[in-house]
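Visitor: According to TrEMBL:
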DOMAIN    22-421  domain 'Major facilitator superfamily (MFS) profile'
TRANSMEM  16-35  transmembrane segment
TRANSMEM  56-77  transmembrane segment
TRANSMEM  89-111  transmembrane segment
TRANSMEM  148-169  transmembrane segment
TRANSMEM  175-195  transmembrane segment
TRANSMEM  230-248  transmembrane segment
TRANSMEM  268-289  transmembrane segment
TRANSMEM  301-322  transmembrane segment
TRANSMEM  328-352  transmembrane segment
TRANSMEM  364-385  transmembrane segment
TRANSMEM  397-422  transmembrane segment
Amino acid sequence: MTTGNEPFAQTLPRSVSYTAYVIVLLWIANIINYTDRYALAMLLPAIKKDMLLSDTQLGMLVGFGFALFYAICGIPVARLADAGNRRNIITAGLVVWSAMTAACGLALNFWHLLLARVGVGAGEACCMPPSQSLICDYVPRRWRSPVLAFHQSGLFIGMMVSMALAGWLGSVIGWRLAFAVIGLPGVVLGLLILLTVREPERGRLDGHVQPKAAVGFGEALLSLLRVRPYVFIVGFYIAHGFVTQSLNQWWPSYYVRVLGAAPAAIGLPLELAIGVGSSLGLLAGGILSSRFADRGLKWPLMIGGVLAIGTVPLAAVALTTGSLATSLIAVTCINMLINISVGPALASLYNVTSPSIRGLAGSLPIFFAATLGFGFGPFLVGFFSDLLAQDYGQLSLRYAMITPVAALPLITVALCGTALTLPAETPSGSPTEA
C-alpha cells in the first residue's frame, strides 16, 4: 500500500509508459465521446431544413432526447463500475454509442432521430465515470488534477473535431452519411481498449484497497451527501453544464441565423474558439493546481470562481456584437475562464470520496448536470426562441441565449463553497483526518 508521499513513478500500478498509454487511450475515447455527441449540433441547420423541425424539437434532440437517458443510465453503470470491470464497461459503451451515432443518419423523421439520440446517450453513460475511476487507480493524488484536466480536454477537442468534421462532411456528403463516417472510429477504439487495457487494483494509490463487501446504494448515497465539498461540486457541475451546453449547442445556429454565416464556414472558427479557449482554461487550471500543490486545491478553486463571474460581460459582447470575429473572440475567452476550475474540481471530487464508490461519486454530478444542465438548458433556449419568434423573428435566438448567461454567478458560488469546505491537506496532497 502507498501513503501518497512516494514519487510519481513509484506509485504507479504499472510502468510509466504503460500508464501514459492507458491515459491516452481513455483521452481518445473521450474525444470520440464528444465528437459523436456534438456532431448533431453542427448538422442541425440541414436537419431542420430537410425534416421541417421546430426549434423546440431541435432543442429536444440536442437536450433532453440525449441527456435524459444519458443521466438515467449513468447511475446503474456507475454502480457496475464500482463492482465490476471498468474496461469492459467502457468498451461496451463505445460500441453502442458509435453504432447509434451512425444510426442517426438512417432516421426518416423526428422520432427515429430521437430514438437514435437516446441510444447515443445510453452508450455514452459508460464513458466518463468508469474512465475517471480507472485513472484514479493509475495516477496518485498529487498528479490527479492535471491528468484529469488532460482527460477532460478530450471534451473540447472532441467538440473541435465535431464542429470541423461534421460541418464539412455535411456539406460534402450530406448529413446522413456524415453520421455514418463519424460513428465508425469508436468501434475500432473499443476493441483496442478491450485487448490492451488492464484493470488495476482499486484504491491502491490511496493507501487502501476496495473492501470485499460491496457498499449498498443507499449507504453509498448517504455517505456522499454527508461530504459538504462533494455537494458543492455537484452544484458546480449543474451550473457549468447548464451554461456551457446551452451556449455551445446553439452557437452554430445563432451564427447562421443572426449573423448570416454559412454553416460550412463557421465550423473551423467556432471549433477553435470553443476548443482552444477551453483547452487553455484546462491547461491554466492544471498549472494553478501544480503551483499550489503544497497547499491543496482551495486556491485554484477560489480563483476559478472569481474568473467565472468575469465571463458575464464577455457573454454580453458575444451576443450583441454584429461582428462574427468579435463574437468568436469573446466565446474563446468565455470558454477559457469558465473551464480553469474543471481540473481542480474533478480532483477534489475524487479526493474526498472513497475508492469503493468513485463510480457513483462521478455519476451523480453527471446525472444532475445532464438533466438540469445539458438536457434542460438547450431545450429551454429552443423553447424561448420559439416563444419569442413572433415578436423578434430570427433575433429571438439571441434573446433566448441570455438565459444561460444568468446562471454564471451560480458557478462562482459552487466553486467558492467547495473551496471553503474542503478538508485540510498534507503537503503530499492527502486529506488530514477529520
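Just so it is clear, glycine is given a Cβ too, placed from its N, Cα and C backbone atoms.
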Visitor: Do we see three or more Cβ pairs under 8 Å linking the transmembrane segment (16-35) and the transmembrane segment (148-169), pairs being at least 6 apart in sequence?
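Guide: Counting Cβ pairs under 8 Å (6 or more apart in sequence), the transmembrane segment (16-35) reaches the transmembrane segment (148-169), since there are 3 or more.
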Visitor: Answer yes if the transmembrane segment (364-385) and the transmembrane segment (230-248) have at least three CB pairs under 8 Å among residue pairs 6 or more apart in sequence, and no otherwise.
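Guide: Yes, the transmembrane segment (364-385) and the transmembrane segment (230-248) are in contact.
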Visitor: Cβ under 8 Å to the transmembrane segment (268-289), counting only same-chain residues 6 or more beyond its ends: which ones?
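Guide: Here the qualifying positions are 145-146, 149-150, 152-153, 155-157, 159-164, 248, 251-252, 255, 297, 299-300, 303-304, 324, 328-329, 331-344, 347.
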Visitor: Report the listed stretch (89-111, 148-169, 397-422) having the maximum count of Cβ pairs within less than 8 Å of the transmembrane segment (301-322).
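Guide: Counting Cβ pairs under 8 Å, the winner is 397-422.
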Visitor: Need a quick answer: max count of Cβ pairs under 8 Å to the transmembrane segment (328-352), which of 56-77, 89-111, 148-169, 175-195, 397-422 is it?
Guide: 148-169
Visitor: Among 56-77, 148-169, 175-195, 230-248, 397-422, point out the range having the most Cβ pairs under 8 angstroms from the transmembrane segment (89-111).
Guide: 175-195
Visitor: Would you mind listing the long-range same-chain contacts of the transmembrane segment (397-422), meaning Cβ under 8 Å and 6+ residues beyond its ends?
Guide: 55, 228-229, 232-233, 235-236, 238-240, 242-243, 246-247, 250, 253-254, 257-258, 296-299, 301-302, 304-306, 308-309, 311-312, 315-316, 319-320, 338, 341, 345, 348, 352, 377, 380-385, 387-388
